[in-house]
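K.L.:
Attaching a single structure in structure tokens format; questions to follow.
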Amino acid sequence: MLQFKLVLLGDSSVGKSSIVHRFVKDTFDELRESTIGAAFLSQSITIHPNDGNETKDVVIKFEIWDTAGQERYKSLAPMYYRNANAALVVYDITQEDSLQKARNWVDELKNKVGDDDLVIYLLGNKVDLCQETPSTETSPDSNEGGDEEQKVRAISTEEAKQYAQEQGLLFREVSAKTGEGVKEIFQDIGEKLYDLKKDEILSKQNRQIGGGNNGQVDINLQRPSTNDPTSCCS
């Protein structure tokens with residue numbers, strides 16, 4: 001089993017916690033309270049990499065740090081992303097300034113961590129809430145039977161996708177509420193990390209097997225970090 005550290009970043013109310021809980025517990029809570037500081041969860045997936053002519057199952061365990069988005073907690077974020085293998089940077093597609101705030105997080109990651117072997121995934125959340133363009137006519141009965149007000153998309157898919165391509169980021173739009181695209185996020189990350197770390201994985205596997213470990217091989221691939229303040233609890 002391979003172990004990777006993953007961190008979620010983004011401003012308050014973009015849906016970071018909802019994405020994590022949809023992935024880990026397959027639940028959604030409309031009234032979820034804001035995260036204080038950070039929350040830790042873990043979940044495993046199976047990927048099917050093709051090494052040469054052989055396809056095999058590989059189990060990946062994600063150690064997930066869900067950080068608070070409020071401004072007063074922003075200074076704590078480096079404690080959690082410093083030695084992460086992957087970062088999910090989340091924005092709200094219905095809020096006009098949300099993508100710019102996500103860009104700021106990406107800039108911070110690249111400046112303070114670097115992106116040589118850090119997988120950064122840009123996520124546009126809340127696709128379930130919006131109509132693609134403003135409606136020219138509104139019927140008084142148009143929301144009859146509906147529980148949720150529809151919103152106008154404020155950030156186009158094309159704008160966010162182009163930015164992600166320019167920055168070398170993975171990109172996807174998702175809905176934590178319906179689950180659309182959420183599982184695919186973590187499959188994408190698992191496959192990308194396996195490809196990036198393949199040589200290191202094989203080397204560590206061979207050393208463990210050569211040392212007499214013929215059972216399950218557990219490999220922690222968390223990025224090294226000096227004076228890491230989270231080392232006592234991660």
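Using the three backbone atoms N, Cα and C, a Cβ is placed for every residue, glycine included.
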K.L.:
Which of the listed residues, LYS151, LYS177, LYS183, has Swiss-Prot annotated as ubiquitin cross-link?
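P.N.:
That would be LYS151, per the ubiquitin cross-link annotation in Swiss-Prot.
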K.L.:
Have a look at SER142, SER225 and find the one that Swiss-Prot tags as phosphoserine.
P.N.:
SER142
K.L.:
Please report the Cα separation of GLY10 (GTP binding site) and LYS151 (ubiquitin cross-link) in Å, rounded to an integer.
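P.N.:
About 20 Å separates the two Cα atoms.
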K.L.:
List the Cα distance (Å, whole number) between VAL113 (GTP binding site) and LYS151 (ubiquitin cross-link).
P.N.:
36
K.L.:
Quick one: give me the count of other CB atoms within 10 A of the CB of SER13 (GTP binding site).
P.N.:
15
